[in-house]
Amino acid sequence: MQTSGDYRAGFACFVGRPNAGKSTLTNAIIGQKIAITSPKPQTTRHTIRGVLHREDSQLVLVDTPGLHRPRTLLGERLNDLVRATWSEVDVIGLCLPADEEIGRGDRFISGEISELKATLVAVVTKIDLVSKATLAERLLAVHRLGAFADIVPVSAVSGEQVGTLVDVMVGHLPKSPQLYPDGMLTDEPEQVLMAELIREAALDGVRDELPHSIAVLVEEVLTEEGLTKIYADIYVERSSQKAIVIGHQASRLKEVGTRARREIEDLIGGRVYLDLHVRVAKDWQRDPKQLRRLGF
Ligand SMILES: Nc1nc2c(ncn2[C@@H]2O[C@H](COP(=O)(O)OP(=O)(O)OP(=O)(O)O)[C@@H](O)[C@H]2O)c(=O)[nH]1
């Protein structure tokens, strides 16, 4: 945990008209796709898309819905919500695709964000699609569009300049202690969701025998070359229950693992290796320390 010194941390979001490349850029920065939806009601007005951890900084990317031409009250409320989010972030990246001329939509959004306290960075996206000459023209047009602290050309597809963009955005974050724990990629409690899926699979068919005796703790999640490795422990209260969960020649545990793995793969949208261990934690339901450890 970093707490002081030159550490910077804060919130940023990308805005821009549809198709400007916001999602692709977010994924390129965070480095992995995150599509977990939390069953909990949102406690903040924005959804955290991902947290980029670096030695000296933490960049939290938040999602905002698009701004609409308000035709209805709902449309107006949505726009209020968008503006509320914009007013809470430290940096706004306005995405402008290099392969298209700046249009009315871009001017509209640019005008909307120009009065906010956030630092504005213009991000010229998809530079892999245009020639140097076109890019130069576009950069000039962006320069005329508004007052930006920086203008950064990037390609989320080739990765060119993505690191530079992050450096620029981090440079505009306030000095602040770390906001989220190390290793946390989203504020969705993804390890909790994974544990719930494993617990559901482990309970399937033995609910009557082990009504409230199973708890699951995800110990570690590692992502390597597109494979998410999950190490989790299934806790029961007695060794007789352990035998039930594992089954004859571990047949039941294998089924539990297969089912939970498939569901977690659906959840995170990627391949999963799931390592399950069944452990006895005597009377965990009555032990406050164990309960806290198991997330209750
Ligand atoms: N060649 C190239 N294509 C890109 C790049 N970034 C995004 N695209 C493509 O542009 C299209 C739109 O990208 P998105 O990231 O979905 O754009 P968005 O701004 O999130 O779009 P909305 O969700 O509609 O607001 C997709 O087909 C992407 O594959 C890039 O750097 N280079």
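Any Cβ shown, glycine's included, is placed from N, Cα and C.
Whatever TrEMBL says is automated annotation, not expert-curated.
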Of the residue ranges 37-41, 42-46, the one that TrEMBL records as region 'G2': 42-46
Which range of 63-66, 187-190, 239-242 is region 'G3', per TrEMBL: 63-66
DSSP residue counts for the region 'G4' (125-128), split into helix, strand and coil: 2 helix, 1 strand, 1 coil
Helix-strand-coil residue split for the region 'G1' (16-23), DSSP-based: 2 helix, 0 strand, 6 coil
Secondary structure content, the domain 'KH type-2' (206-282) (per DSSP, counts of residues): 29 helix, 30 strand, 18 coil
